[in-house]
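Taken verbatim from Swiss-Prot:
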ACT_SITE  E187  active site, proton acceptor
BINDING   D49, S50, D88, K118  3-methyl-2-oxobutanoate binding site
BINDING   D49, D88, E120  Mg(2+) binding site
Amino acid sequence: MSSHTRTQRLSVPQLVAMKGRQKIVSLTAYTSHMARLMDPFVDFILIGDSTAMVGYGRTSTLDMSLAEIIAHTRAVVAGSRLACVIADMPFGSYQESPQQAYRNCAEVMARTGCAALKLEGGRALAPTVEFLVQRGIPVMAHIGLMPQFVNQMGGFKAQGLDSEAARKIEEDARAHLEAGAFSLLLEGVAEPLARRISDFSPMPTIGIGASPACDGQVLVTEDLLGLGGPQVPRFVKQYADAGALISQACERFAAEVREQAFPQLQHCYGVVQEA
């Protein structure tokens, strides 16, 4: 279903039904303004815990609170009208137990109006996914390169490059599908592995640094716009240099203020215009 033909917000079942029919498009957002701009063109908007890095300048996604996710998700829901809205659950908000996960996931959904939640974890997380799904919370399972496991993985490294690592990720995928996840997000995994998972999965796979064979693709919007900083992941394609445009606009503003070219009377209130 093309976003250009929709008149209502895309639902999770409609997103699932796109598998095998149309590629799914997603970008990240954490403000209402950005959500409004991308809304006509994407199928779902992801409020990623990557906001900790691209929005707040932190060194990892681990330093993202539940309150921050709720605030940013509320903004994205308010700024969008057509796209399905999916929020990341932050580190430490769901790993302790299925009960903890349900309390926090239910709070995010109730307070924001988002349609689903994304959780990172391998097959050990599958019982939690099943617990949530059985209680009405749609879950997108994030496997492969999992930024919340950055300390355990030793950095942001591609996953599934050897047969044993690939086998474990494939087992993660099957466990989450059996648990009832409506989608799999595959990040930074070997292309043949992502292709294989996409082939056997009855649910949509969303790739980021994975494979063209995935049912959909997502990117961090700041990377797409050239705002992600000097170190850009290999899987990113930059579609615009918004950073240069912003710098140019700031430079022009500063120059005009210092040269007393701005503001002019036309920018002021209560000015009597000469006849």
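Each residue, glycine too, has its Cβ placed from N, Cα and C.
The Cα of E120 (Mg(2+) binding site) lies closest to that of D88, out of the binding-site residues D49, S50, D88. For the pair S50 (3-methyl-2-oxobutanoate binding site) and E187 (active site, proton acceptor), the Cα-Cα distance reads 13 Å. The Mg(2+) site is set by D49, D88, E120; from the centre of their CB atoms, other residues of the chain with a CB within 8 Å are G48, S50, T61, M64, M89, P90, F91, K118, L119, H142, P147, Q148. Between the C-alpha atoms of D49 (3-methyl-2-oxobutanoate binding site) and the residue listed as 'active site, proton acceptor', the distance comes to 14 Å. Spread of the 3-methyl-2-oxobutanoate binding residues is 13 Å (greatest Cα-Cα distance among D49, S50, D88, K118). Rounded to a whole number, the C-alpha distance linking D88 (3-methyl-2-oxobutanoate binding site) with E187 (active site, proton acceptor) is 14 angstrom.
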